[in-house]
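Novice: Please see the structure below; I have some questions.
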Amino acid sequence: MEGHTVYNLPSSPPIWDRLGVFYLSFCIIWTILLISGMTFCWLNRDVPLIRVRGIFWSFLAIGLLHVYWILGQITYPIVPTMPGLLSVDIQYFAMGIYFPLGIALFQASNLRFLHVARMQRQFVYPELRSSMDMGYKPRASSIMGRLRGMTYMSRTTILIGIGILLQLIITIGMWLACSKYHPTYGIPGTGVRGDTLSEQMAYMRRGWEWWPSLLWQVIWTWIAAPILIFRAWRIRDTMGWRTQTIACCVASLHATPMFLAASYAPAFEKVNIYFVPSQWIHVSIFLWEIFTVFVPIFQVFQLRAMKRKTIDSTAKYDACSFSTISKSPPPSPMSPSIDWKSSTSTLAEKGQSRQSLKECYSDRLYTMDALDHVLHKGSEQLQEFAALNDFSGENIAFLSELESWKKSWPPNLSDDQVPNAFNQALRIYATFVSIQDAEFPLNISSHHLKRLQDYFERPTRLIFGDRNVNSTSPFMTNEAAPQLRAGESDTTLNTIHSSSIPTYTGDIPPGFDMSIFDEIQDHIKWLVLTNTWPKYIDTMRRQSTDTDRSYQSNSTETTFTASRILDTRFASRLSALF
């Protein structure tokens, strides 16, 4: 266009050739699919594998990055309709504000994986726990002390806010300083260069003012991502989070080098006409969206299939038990464990085939009775798996803690026993239930939460709301509290009996008794049965080194050797089932 410069370039008709139609169609279709996927995840946000991810931050990042991605897809067909300088300004501010903010939030959501994995270790190694982990957070006067006392996401939000504020100031400041974006003012020597329109347009998209935006990408791609991959490599979670995180890191490695090559290498000039330099970054964004949104969706469907399998296995085993053992109704999911060896022996005595025995044996592994048996006899290995692999250690810890609490007190409390029992229940509430205090609040319904809040929230706020204990307030230190009675459990979490945490001595809410947690206990057991427990069993099967189950029988007893099913770490724990 002879006589035209970047400042007086008129608009042109949109480009509706095959490539232009493809870009726009692909943009619309993928946006619809992405919104649908995000909606599905949001509607299923209470599913454990989505809940633990903290999808709000991930989706906020994806939303910002997708806006930038859309701008890249419409560059070829739509940008010619805009004045040349306006299109450059839009690209500059999108890359200077939307892109860095999206990268920062996306980085925070990926680092959450390591944070959750680290915090879950406290359920395996109680010494990692401290009074601050259960909500007893001393107030610090210094800024760094206050930052340390905040939650991970609160600290992350503040640091991201500071970084984005600096980026915003730098982006606007450099735009004002560069006279090539506004020839009437700016630093001398920063005007547009080039004799032809194409040279001027190419120069407008280069320069030092673009580098701070790329710095976020470089930090994430070549510094944070490799560290994240290294630290996450040995984590073996069951929800695809590790795979998702590593895939997002690897998918971004090419973006910055290719963007720089496309922007500065003359060999890319012909390619840039159809595939603009920023598209190399948009490829990474596209892959991030797949791994962040659709991997969890796939995991949700897998979880639903596993839940159906667990329910079907329970029904099959109940039917098997009903027809071959006692001709009596199957036990309730909350009933005590049955005699496993006696059941297997009875099956053989009634002439069951080997295949039927194997099927019953396999089905009963997925029943509530099997889970109850492990919880009663010793749940250390299940606790380790739940915390280190399934990131649901709070569920097993809560069930174990609750069982210890119930064993410590009689079903009907006397007036003298109520205060101590209430204080232990209060610690359980603060450690596992309270939204404000628990590091990993239990996944319970709002109805159950409201009921427990009516009993415990006010005493919890009185105790954990302030560090300093006023002698006139209804507290006393545990040094003055009665000691454990004979037979009481002393193996519970360290937070239950901490000398640094005051004890509530105020009025006990009416209606408190030993059944206060029964409803959520049943709910959490069901969550464990349909989420963690089948993964635990399946993982042991995959880790098995033997190839066959051995069937041994004598006149008095039938025993299945589960070496094919059980890894050596777990064999001693579950062998009592058979």
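Cβ atoms here come from the backbone N, Cα and C positions, even for glycine.
Copying in the features that TrEMBL gives for the protein in this structure:
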DOMAIN    377-465  domain 'RGS'
TRANSMEM  20-43  transmembrane segment
TRANSMEM  55-78  transmembrane segment
TRANSMEM  90-111  transmembrane segment
TRANSMEM  156-177  transmembrane segment
TRANSMEM  214-233  transmembrane segment
TRANSMEM  245-268  transmembrane segment
TRANSMEM  280-301  transmembrane segment
Novice: Could you give me the DSSP helix, strand and coil counts for the domain 'RGS' (377-465)?
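Specialist: Across the domain 'RGS' (377-465), the residues distribute as 61 helix, 0 strand, 28 coil.
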Novice: Excluding the flanking five residues on each side, which residues at least 6 beyond the ends of the transmembrane segment (20-43) place their CB within less than 8 Å of a CB in that stretch?
Specialist: 14, 50, 55, 59, 62, 66, 70, 73-74, 76-78, 286, 289, 293-294, 296-297, 300
Novice: Restricting to the domain 'RGS' (377-465), report the mean pLDDT as a whole number.
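Specialist: Overall, the domain 'RGS' (377-465) comes to a mean pLDDT of 88.
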